[in-house]
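TrEMBL has this to say about the protein:
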| type | residues | note |
| --- | --- | --- |
| TRANSMEM | 6-24 | transmembrane segment |
| TRANSMEM | 45-66 | transmembrane segment |
| TRANSMEM | 72-91 | transmembrane segment |
| TRANSMEM | 98-118 | transmembrane segment |
| TRANSMEM | 138-156 | transmembrane segment |
| TRANSMEM | 168-191 | transmembrane segment |
| TRANSMEM | 203-222 | transmembrane segment |
| TRANSMEM | 234-254 | transmembrane segment |
| TRANSMEM | 260-283 | transmembrane segment |
């Protein structure tokens with residue numbers, strides 16, 4: 001029952017996140033069409049989307065206290081498939097054959113994930129978390145992860161390598177620590193709410209610091225990837241990397257597949273593969289929508305014609321300079 005509650009929480013939370021993202025996108029498009037531009041944070045609709053996003057993230061956090069990492073993390077595909085279909089209603093997009101095919105693959109993969117996920121009921125107390133932190137499999141895993149992260153950070157900082165794989169691999173390595181800390185914190189809070197106090201142990205606050213730090217740097221590198229590359233490329237790759245790192249973390253740190261049968265492991269991984277494939281099919285060849293940016297009308301500038309050209313000025317922070325500018329225009333500028 002606890003695992004089922006975690007599954008329902010994770011699925012509903014990711015659906016709320018997809019709704020919130022579409023509401024925010026709809027807000028930006030509406031504001032861009034208005035004659036009088038106003039900041040998006042003054043829109044009630046935008047705040048409604050932010051509220052739903054917060055509720056979705058809180059639900060995801062709570063789901064880690066009831067279900068294994070290897071089950072909650074792959075359910076992030078619900079937000080991807082939800083965004084694809086909700087955008088048809090909110091943003092009036094056309095339904096593509098790729099959306100239907102990708103949605104079918106993702107739903108099938110999600111069903112296999114839920115059916116064959118590891119069912120290891122365990123009370124994740126503070127003492128058990130402490131034992132997991134000093135276990136040799138996690139120590140070896142942490143050392144390897146730090147070495148790989150330092151190598152990637154060297155290429156990113158010193159060699160100026162901004163490749164999408166480098167950025168998202170660093171995000172995934174940080175995400176593995178984030179999900180470990182989130183699972184521990186959520187489980188200890190859940191046990192404390194049931195009457196078994198766990199908040200007095202130092203490991204609880206260590207996990208909170210680890211969760212906040214890794215999440216902050218994770219957001220930093222993810223924003224860098226979103227700035228350089230299109231969202232249609234970042235979203236599917238980040239989903240695959242994040243889910244893979246979360247599953248590996250759950251297997252190594254929390255030993256969630258310790259007593260699972262080979263058939264269950266195979267079907268679970270096959271469900272992950274179908275979900276990955278479905279997300280890629282949905283995001284593949286999806287056109288990015290850009291909000292129209294107001295341009296300068298030269299017809300309203302004294303001394304210039306409607307067809308007057310603007311010469312870019314690379315030496316200043318201004319938009320550019322006008323060709324053959326006379327003194328009157330310069331003084332008005």
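Glycine too: its Cβ is placed from the backbone N, Cα and C atoms.
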Non-local residues, at least 6 beyond the ends, that sit with Cβ under 8 Å of the transmembrane segment (203-222): 126, 129-130, 133, 167-168, 170-171, 174-175, 177-178, 180-182, 184-185, 188, 234, 238
Candidates 6-24, 45-66, 168-191, 234-254, 260-283; stretch with most C-beta pairs under 8 Å toward the transmembrane segment (138-156): 168-191
Selection from 6-24, 45-66, 72-91, the stretch that has most Cβ pairs under 8 A to the transmembrane segment (168-191): 45-66
Beyond the flanks of the transmembrane segment (45-66) by at least 6 residues, Cβ under 8 Å: 2-3, 5-7, 9-10, 12-17, 19-24, 26-28, 30, 72, 179, 182-183, 186-187, 189-190
